[in-house]
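Colleague: First the structure, then my questions, so here it is.
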Amino acid sequence: MKNILKILILILICINKINCLDGDGKQFRMIMLLSANVNDMGFNNMMNQGRIGVSKNLQIEDSRLIVVDGENDTKALVEPILQNEDIDFVICSSQGHTVACKYFADKYLKHPTVKTQFLIRGSGSSTANLIQFNYNFASCNYMSGYFAGLHTKTNKIGFLSPGAPKVNDAWVYAFWLGAKQVNPKIQFFYYNVGAFLNPDASERATNDLLERGCDVIGNTLDDFSSGITIMSKGYRTIGTNGFPQKLIYGEKILYSYAYNWTKLFLPIAMSVKAGITNNTNGYGDFNLDESKNFFNIEYSYGVSTDTINRMNQQITFLKSNSRFTHPYYCNEYLPEYTKKNNLNLSTSPTVNNLICIDHSTFLKINPPFPGMTYLGIYNISLVEVEFSQSIQNGFSITTGILIGITILMMIGIIKYSKTPSMRSASPIFLNFILAGGIIVYIGIIVWVGPMSTHSCNARLWLVTLGFSTLIGSLVVKNFRIWLIFDNPELKSIKITNYQLFPWVGACLVINIILMAILTSVGDLKQIDAMNIDSLGKYEYMKVCKMNSSGASTLYTILAYFAALLLVGVFVSWKIRIVDILEFNESGAIANTLYAISFCLFVIVPLMISPQDMQSETIILCTTGLFITTAALLIIFIPKFWRVFRKGANDSEINFNKKKSSSVATARAESGSKGSNGNASSGNRTNRRGNVVSGDFTDDSESSVGDENQKEKEKIKDDVANVTSGAVLAEFTDEASDTDNNEFNDIELSEQPPSIIVNDSENNN
């Protein structure tokens with residue numbers, strides 16, 4: 001008994017294998033091409049259901065699904081498969097595959113090895129390897145409109161279609177006619193959305209139709225985005241894309257029709273598997289023979305019995321009559337419409353002498369009939385996402401306040417320019433530094449302002465020129481201090497402001513040249529950017545963009561600023577030996593560079609990490625404000641504080657001496673030895689040598705035990721008094737006896753007693 005069961009199982013397995021083979025005894029291979037993914041819950045999903053149904057009925061193991069659309073993409077993807085694999089049957093489901101599949105059929109019609117047969121959308125003649133199929137899309141849309149006319153409560157219905165050039169609006173006309181036949185009072189509105197699959201446009205267009213009062217909305221789209229939008233508003237809807245929506249959404253679907261592609265594809269696939277090349281086309285429609293009936297109709301419990309009965313009566317009428325005499329081909333509106341739009345009426349005789357059009361003329365219907373309200377192509381308007389107005393106002397107000405403070409500082413410098421604290425720092429260069437800060441502030445206001453090509457260029461020009469002016473003036477004026485005080489030979493040096501102006505100008509000229517290159521070759525302009533940051537699909541933001549040449553130039557500008565900062569570091573390090581606080585700005589420069597370095601330490605990781613444009617702008621502008629404001633405060637607060645502490649009317653050249661550096665001491669000692677020569681030179685020495693040795697060193701430590709120490713200290717202080725006044729004159733370019741910095745040896749007793757040098761360690 002067990003042996004008999006084993007034999008029966010083997011026989012069944014063999015029969016199953018034989019059924020999977022075609023007439024030549026090889027495995028049957030089938031491919032279906034889809035224009036979109038099967039999860040559209042519409043046309044493509046139902047096509048795939050047809051493939052599955054054929055595969056089950058014919059027990060096809062190698063049944064593939066390929067998503068591709070368009071002639072070129074279809075050729076590129078499918079042809080290698082045809083050449084390298086023995087494919088028997090290809091179903092080209094979409095009109096986007098038609099041209100490519102016809103090309104394959106013609107190319108391989110008499111090919112010795114490629115015996116593939118192709119099933120394409122159309123109604124033309126068949127060949128040995130080309131079969132065409134179609135379905136009556138007019139009849140299902142006519143019946144959907146018929147239902148809409150029966151069910152509407154507002155007498156307003158709507159429709160969505162792809163529209164030309166994808167497809168003419170003949171199907172829209174069929175829907176409208178169905179409603180018009182049963183409800184002459186109907187008002188009809190429709191949109192084109194540009195494609196069979198455009199959920200964004202269909203959702204927005206559906207909302208518009210709902211706002212117009214439409215309570216039933218149909219469509220000829222591939223997906224169910226319109227129906228989902230309607231249900232999200234709390235309404236029930238109809239399913240008009242060939243998918244049995246009631247299976248998913250239940251009683252929210254008032255009415256739907258579903259395609260049964262298995263009934264259409266199965267006879268054709270059986271013929272191909274049997275090796276028959278005398279092919280005939282396939283067509284899907286309402287049919288009295290249920291095995292051939294292509295459409296399955298379903299209703300919700302909310303639909304009245306009267307509506308269902310009238311629907312069934314009309315469907316029976318369509319099944320019982322030739323489709324060429326159906327109402328959408330033959331009605332009283334056609335004569336006037338065809339005449340107006342240069343279309344032809346059918347000349348074929350019909351029953352009861354009906355006035356009709358043929359199918360080719362039907363497909364040319366596109367302009368609306370009287371009573372159809374065409375709302376046009378629904379274009380989704382792009383929405384600009386603007387920079388936050390509150391942030392923009394915050395930056396602008398803050399920067400405006402800082403500009404006002406900076407202007408007050410400039411006025412203060414002019415007012416107190418005669419005070420030692422200001423005179424020693426070169427007032428004209430102080431104002432240059434402040435002017436550079438104002439330019440940077442203006443650039444930041446432009447940076448957060450409305451975006452345009454002009455503002456994209458202006459903000460870079462302003463910010464770079466501002467920093468060049470600020471940093472360049474700071475470096476150049478302190479370069480003069482270094483040259484005067486870092487003087488091992490203790491020679492008299494005169495450097496006027498007019499001699500320094502070209503150096504500041506050179507810093508600006510370099511900046512201008514680099515920015516001119518960026519402007520000319522960088523193609524810096526404002527563009528409307530989409531798909532950036534967290535923007536929606538139909539949102540855009542105005543941003544500044546430059547090409548690679550512009551980016552390279554910008555990096556060069558940044559390198560130039562880095563070099564300028566390095567020079568500033570060098571100068572600040574060199575002037576650290578200056579013992580007079582008014583002339584020593586090494587601390588201010590160092591603190592400014594520290595602030596810049598701190599910002600770079602924070603900003604670089606932030607800029608490298610993903611940032612949206614608004615966050616990037618906030619970071620850059622905040623950094624620019626901080627660097628500029630910190631630099632100005634670090635440089636100018638001590639100066640104004642000294643003016644406040646000493647008094648605005650202080651006429652004394654009252655310098656503060658800080659603790660001497662070891663470098664200054666060493667240089668002073670070297671200078672003293674070179675200038676004294678021997679003991680006989682006594683008290684007559686170079687005055688600048690004396691001031692360096694006396695004011696910039698701590699000689700009390702090196703001369704302990706000298707019985708004349710107190711007298712020497714007095715002599716050095718007196719010499720320092722005269723030379724300090726001379727040095728101050730060099731920084732102000734004022735006409736005086738010391739402007740040329742050339743001093744004759746005079747007796748110490750001749751020094752003016754009003755010039756005082758204070759030791760900062762003993763003077764608070």
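Glycine is no exception: its Cβ is also placed from the backbone N, Cα and C atoms.
Okay, so Swiss-Prot annotates it like this:
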{"type": "SIGNAL", "residues": "1-20", "note": "signal peptide"}
{"type": "CARBOHYD", "residues": "N72", "note": "N-linked glycosylation site"}
{"type": "CARBOHYD", "residues": "N260", "note": "N-linked glycosylation site"}
{"type": "CARBOHYD", "residues": "N278", "note": "N-linked glycosylation site"}
{"type": "CARBOHYD", "residues": "N344", "note": "N-linked glycosylation site"}
{"type": "CARBOHYD", "residues": "N379", "note": "N-linked glycosylation site"}
{"type": "CARBOHYD", "residues": "N547", "note": "N-linked glycosylation site"}
{"type": "REGION", "residues": "664-764", "note": "region 'Disordered'"}
{"type": "COMPBIAS", "residues": "671-690", "note": "compositional bias 'Low complexity'"}
{"type": "COMPBIAS", "residues": "731-748", "note": "compositional bias 'Acidic residues'"}
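Please go over these features one by one and say how buried each is and what sits next to it.
Modeller: N72 (N-linked glycosylation site): 9 other CB atoms within 10 A of its CB, across all protein chains.
Taking a C-beta cut-off of under 8 Å and a sequence gap of six or more, N260 (N-linked glycosylation site) has these contacts in its own chain: G50, G284, N293, F294, F295, N296.
DSSP classifies N278 (N-linked glycosylation site) as coil under the three-state reduction.
All chains included, 12 other C-beta atoms sit within 10 angstroms of the C-beta of N344 (N-linked glycosylation site).
In the shown protein chains, 12 other C-beta atoms lie within 10 A of the C-beta of N379 (N-linked glycosylation site). Under DSSP, N379 (N-linked glycosylation site) is assigned to coil, being neither helix nor strand in the three-state scheme.
DSSP assigns N547 (N-linked glycosylation site) to coil, not to a helix or a strand. Taking a C-beta cut-off of under 8 Å and a sequence gap of six or more, N547 (N-linked glycosylation site) has these contacts in its own chain: V521, G522, D523.
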Colleague: Does N278 (N-linked glycosylation site) have same-chain partners at least 6 apart in sequence with Cβ under 8 Å from its own Cβ, and which are they?
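Modeller: Listed in sequence order: A128.
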Colleague: Please report the Cα separation of N344 (N-linked glycosylation site) and N379 (N-linked glycosylation site) in Å, rounded to an integer.
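Modeller: For N344 (N-linked glycosylation site) versus N379 (N-linked glycosylation site), the Cα atoms are 33 Å apart.
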Colleague: Please report the three-state DSSP label of N72 (N-linked glycosylation site).
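Modeller: For N72 (N-linked glycosylation site) - judged by DSSP and reduced to three states - the answer is helix.
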